[in-house]
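Going by TrEMBL, these are the annotated features:
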type     : residues : note
DOMAIN   : 36-444   : domain 'Major facilitator superfamily (MFS) profile'
TRANSMEM : 98-118   : transmembrane segment
TRANSMEM : 124-150  : transmembrane segment
TRANSMEM : 181-203  : transmembrane segment
TRANSMEM : 209-232  : transmembrane segment
TRANSMEM : 268-296  : transmembrane segment
TRANSMEM : 316-337  : transmembrane segment
TRANSMEM : 357-385  : transmembrane segment
TRANSMEM : 405-432  : transmembrane segment
Amino acid sequence: MDGKPATRRGPDFCSLRYGLALIMHFSNFTMITQRVSLSIAIIAMVNSTQQHSLSNASTEGPFADAFNNSSISIKEFDTKATVYQWSPETQGIIFSSINYGIILTLIPSGYLAGIFGAKQMLGAGLLISSLLTLFTPLAADFGVILVIVVRTVQGMAQGMAWTGQFTIWAKWAPPLERSKLTTIAGSGSAFGSFIILCVGGLISQVLGWPFIFYIFGSTGCICCLLWFTVIYDDPMQHPCISVREKEHIMSSLPQQPSSPRRAVPIKAMVTCLPLWAIFMGFFSHFWLCTIILTYLPTYISTLLHVNIRDSGVLSSLPFIAAASCTILGGQLADFLLSRNLLRLITVRKLFSSLGLLLPSVCAVALPFVASSYVITIILLILIPGTSNLCDSGFIINTLDIAPRYASFLMGISRGFGLIAGIVSSTATGFLISQLQPIYPIKNQ
């Protein structure tokens, strides 16, 4: 892991590998918008389940049973879209159901992607997720059980897509460009969160909440066409790659067996302490990120008392900061490595520590500055931004220590993270409903 990679450089931003990173950025953008669509749409979906009863203030808040907040007018949601009576506990289960689906496919898809290639698995997962996103409004009309089933299957599809990416980077990313390429691709998630949170409320107000799912589901279908056309698992197989770039990639990567792997050294992995450090890093990272990603729109609309459109705009700001920090962190990490300023292990530890410590400090400080609107917004922006420094730390560390098994190990790592996501989102919904009688939120 501490070995000095070759410093020979090939073509950069006009190269095919950077084009691949941009397409993967768009794929991650699409998947996260489909995942977060429900978080922004549910504010309208559960707001006023009785349209004729305008005097019932207790149903006007996004989490009606948890917060008696009537600051959001029912008229804002006076579209012809259906609304539902879902309690905070039910919403927490719906939010976490996609994580149940993802966790079911993470490890198997990581192993199978290493055998059969990531192109087909990732493309199929993206296509299934997109089609289920289009189906979500109809599923809601049939009942909450079907919504949970759809979100679970959608999670299984996204699990296939998330994990397979590292199989591609194991063959396409030179060691000195791993942080850059993976963060360009990974920043699509933060940028997608920014877009869906920024425009989701506006779409809900103008067109009705079902169009949030229709628009981003259709975007995913378009992305699938691009994916199957342009992406190849191996640079040796790509018909459009230049000879110079191909030689640069192949000469910079260690020689690996060309035959598909069958045996996985499970015993060695179980006893490997660096792997357990990566797993715990994912658990901690996903715990906080899931709460922020899922409940940030409701937190802003309820505690800061803003309407759904402004809530979406404010909720989107942290994620444009996250996208920026992800890319800048990748650039800085590879700069430190290429100039031999720090060892590889030091760079990974530095970005992991900053990505875990800084957002945690900001999150702990939130309750103490709740009276200050500006400071609260600043901290909410800093949490996802600083958290994404982990993308240049432990998140890509499996490519450094075991590139041949990167997808399999990424599946396990994300499994630990999603366990944290399941527990944190479900527990948050439960705590909201339990603490409301003790700490009621009063309207301003």
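Here the Cβ of each residue, glycine as well, is placed from N, Cα and C on the backbone.
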> What else in the chain is close to the transmembrane segment (316-337), if you only count residues 6 or more beyond its ends and a Cβ gap under 8 Å?
Replying inline: 5, 175-184, 186-187, 190-198, 292, 296, 344, 347, 351, 377, 380-389, 391-392
> With pairs 6 or more apart in sequence, are the transmembrane segment (405-432) and the transmembrane segment (209-232) linked by at least 3 Cβ pairs under 8 Å?
Replying inline: no
>> Cβ under 8 Å, sequence separation of at least 6 from the ends of the transmembrane segment (124-150): give me the contacting residues as numbers and ranges.
In response: 27, 30-31, 34, 37-38, 45, 81-82, 84, 86, 90, 93-94, 97, 109, 157-162, 164, 209-210, 213-214, 216-221, 223-224, 227
> What is the pLDDT of the domain 'Major facilitator superfamily (MFS) profile' (36-444) when averaged and given as a whole number?
Replying inline: 79
